[in-house]
Each structure stands twice: as structure tokens, then as C-alpha cells.
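Report on the following structure.
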């Protein structure tokens, strides 16, 4: 059988760091208010780099660190809800910049679950035997869709990108078990870049494009539905929660992680966290955490670590993949 394997991980964030104190100068908030409610201290905000710029820097790191000829890459998937444009896709822009001339490339839109959904897709492409090598990236420039006068959302988000290189060199299944979910009926709880039909044949008013969020509804969704998803995936894997080495969850809010750990009966230190430095980077949050963990020696990519990856956010979407890293 053919098994996919993650062989490289990389991340990139803009150099510009915006602290809670910086935000207090442009809106009615302060460090204590933000940190006590979210666990966030800083976020990296682009001063000109767009989503494809961040994603390209990640892809170049993956290629350079692996020594792989970019022409041998079969596909590039970019998970994002903040693309440079609808056409061409962010992935197509990345493909051009790195010289992956033989790769097909497309964007996947699943908000904060995007990286997990994209990794699931990539694993199937490789394990089917149809493709040998691919790149999966989560990349966001949320600063361009934020209403910077709205402290309820502006304090939460940051910009960044991260990703992995996969190939067919695995000796065991990459994904042990997975469960992906969507509930479009609750999609209105988290909206971004909403555009009405505007043509000479329709009389519909424009409703704006800034991100809007029903904070309480999203928090309740995260602490109610997501632990059930993780537990269901664990049951499919025949693994107990304590047998997982690390939990890499979407970095939305530290209080959400506290509640997740308690509901699953897992010690909080297994839930890795870096939101204090990056904020919520949507589709980029899980791969940034993964890449940083490898860089800092928390775990390596030797296939010996069992990790839960769980995303949850707009759509509403949520999903878990238990993987062998």
C-alpha cells in the first residue's frame, strides 16, 4: 500500500507585531481586557504582503529544506478565506512563484478548519497512488477584512501562513482516523467578505465586506460541538484521549482550549498553544503551531508522535484528524 507522510513543515508571519497596548491606542480596549478574555498578547499584521506572498514564502521554505525539484511537486492546496483574488487562486499564484510547473493548484475554503480539510484531501490524493508529492498551506491576511473600529473582532485576528510537504514515503497511514463536519444553517454566525448581487438586473443593496461574528454563539459551538467531534474521532481510532501525545487545535481562544481539555479529561499541557503571539490566524493557526513545535523540538516528523489536529470556525465547519507525525 501507499502511505502519505509529512516530511517538512514551515511557517512565516509578517515582521510587524501589533501588541494589545498598540491596539489600545486606536480603540477602546486594553491589554488586561484582551488577554483575560482571549489569551492573546500580540498578533503579526501585514504592512503590504498579501496572502499569496505569505504562502509563497512558506512553499519556498518547504522546497528548499527538502531539496525537492519544484517540477516534481504534483499539487498545491492553499486553505484560505482571504485570497488575493477569486481568480487566479492563491494556490495558482504560489505555483507560479515557486516554479512548480507540473503541479495543479487550487484554494480550499473552510475558514479555520481549512488546513485540516486540506490535509485530509492531500492524504487521499497521495495514498490513492495517483500522486507522489504535494504541498498543503494555510494562509490568511485577516487584517484586510477586519473592521478596525470593532474591538470585539479586531483584537482577535492576525496574519500568517504555514504548511507541510507530503510525499508517498510513509511506512504507516498518516491519518489514523478523521471526522469532518459542516453546518451551513449556522453559517450566519461568522461572516466575511459578503457581497450581494450587484448588476443592472438586480436591485439589492450592498451590505459590506468586513468580518462579523456572533461571539457567544461561536464560543458555545466550539465548546459544545467540537469536543464531541474529537471524541467521535478517537472512538474511530480505538485510541483513548490520554494516548494522544499532543493536541493541536485551532488557536482561537485560550479559554476554549481550557474547556476542551477538561471535557476530554486530558491534561492541559497536551494542548499546545501559541495564540498569545499570533492571535487567531484562521486556516494558518494549526500549521503554524505544528511548524513551531517541530522547530522547537517538541516533536519531530519521524512518525513516532500521535497528534490530534482539530479545526473549527466559519461555515460552520469543524473537523478532526488523528495523525502519525
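Numbering starts at 1 and runs along the chain as it is shown here.
Just so it is clear, glycine is given a Cβ too, placed from its N, Cα and C backbone atoms.
Copied over from Swiss-Prot:
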type: ACT_SITE; residues: 112; note: active site
type: ACT_SITE; residues: 250; note: active site
type: ACT_SITE; residues: 280; note: active site
type: REGION; residues: 251-255; note: region 'ACP-binding'
Rounded inter-Cα distance in Å - residue 112 (active site), residue 250 (active site): 7
Under 8 Å by Cβ from residue 250 (active site), same chain, sequence gap 6 or more: 112, 113, 280, 285, 286, 310, 311, 312, 313
Fewest-neighbour residue among active-site residues, criterion Cβ within 10 Å, set 112, 280: 280
Within the region 'ACP-binding' (251-255), residues counted as helix, strand or coil by DSSP: 2 helix, 0 strand, 3 coil
Three-state secondary structure, residue 280 (active site) (per DSSP): strand
